[in-house]
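Report on one structure; see the data block that follows.
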Amino acid sequence: MKIGILSRKRELYSTNSLVEACNARGHEVRVINPLRCYMNITSHNPSILYKGEKLEGFDAIIPRIGASITFYGCAVVRQFEMMGVYCVNESVAITRSRDKLRSLQLLARKGIGLPVTAFAHSTQYTEDLIDIVGGAPLVIKLLEGTQGKGVVLAETRNTAASIIEAFKGLEANILVQEFISEASGSDIRCLVVGGKVIASMKRQGREGDFRSNLHQGGSATQVRITPEERSTAVRSAKIMGLGFCGVDILRSNHGPVVMEVNSSPGLEGIEKTTDIDVAGQLIDYIEKNAQPGKTKTKGKG
């Protein structure tokens, strides 16, 4: 097979791991920087060019689209879909998962456990937002934040109101969420491939930090997940329409609650923590499922 990996950085652990898994199985693999692609958008012969060369003959694409390039990266993925190339994660699913508010609304509609979340346009409803999530302490999140950035724990009501008004003064979109204190600064990252949880780890925030992201200095250990947590992760991936993703779950007093569904999860932390060949299992999944034109949206975006 000829497999393309859309990634801006060939040297990243995740990209390297996928390249090695492709090579080990005898596939032709190419790392493509999506920002260096440009497109001929035409009705009968859509194409993608890369430094003057047409990108042709690909059997599958693995999108590794960073949050900062979601718009252009998804346009490139969509173009591959229009050309009939199988994409592990479709453009519409990536876009859906990157919108925190839209994700929560879709998950809520299907009955997935979530932290109580409030959202408003105007600061005149700040007190109501705080009441909706049960008062302080509470969590305030920038909708555009990633890797734990733009996430603040407000310990008191006055602090919460000040932070909300400060963010709104910058015209930032924010979510206000209940603080799950019983999680004690930890979460569960479940990696889902093709509707199955293939690996999971517990991430613990560093001392004094409620954020468990490894990018923020957290640590990781192996964990045995419950059947309910497994079901929650699988259902969340399906609702988002993602063939490959990381589902972040908190253990609350009322069962598992989903914090995020990540369409481009890092492989380093979970592969090193669990000794599971995640990249290899993803390539195995592609081998079984890659067919020309096999997109749920049929390239319609």
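Every residue, even glycine, has its Cβ placed from backbone N, Cα and C.
Record features (Swiss-Prot):
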- 104-287: domain 'ATP-grasp' (DOMAIN)
- Lys141, Glu178, Phe179, Asp187, Arg211, Ser212, Asn213: ATP binding site (BINDING)
- Asp248, Glu260: Mn(2+) 1 binding site (BINDING)
- Asp248, Glu260: Mg(2+) 1 binding site (BINDING)
- Glu260, Asn262: Mg(2+) 2 binding site (BINDING)
- Glu260, Asn262: Mn(2+) 2 binding site (BINDING)
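Shown on the structure are the features that Swiss-Prot records.
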| residue | record | Cβ neighbours (10 Å) |
| --- | --- | --- |
| Lys141 | ATP binding site | 20 |
| Glu178 | ATP binding site | 19 |
| Phe179 | ATP binding site | 19 |
| Asp187 | ATP binding site | 24 |
| Asp248 | Mn(2+) 1 binding site | 20 |
| Glu260 | Mn(2+) 1 binding site | 19 |
| Asn262 | Mg(2+) 2 binding site | 20 |
Original post:
Which value does the mean pLDDT take for the domain 'ATP-grasp' (104-287) in this predicted structure?
Top reply: 92
**OP:** Quick one: pull the CA-CA distance for Asp187 (ATP binding site) versus Asn262 (Mg(2+) 2 binding site), whole Å only.
**Re:** 14
Original post:
Can you name the binding-site residues among Lys141, Glu178, Phe179 whose CA is within 10 A of the CA of Asn262 (Mg(2+) 2 binding site)?
Top reply: none
Original post:
If H, G and I count as helix, E and B as strand, and all else as coil, what does DSSP give for Glu178 (ATP binding site)?
Top reply: strand
Original post:
Reported as an integer number of Å, what is the Cα distance between Glu260 (Mn(2+) 1 binding site) and Glu178 (ATP binding site)?
Top reply: 15
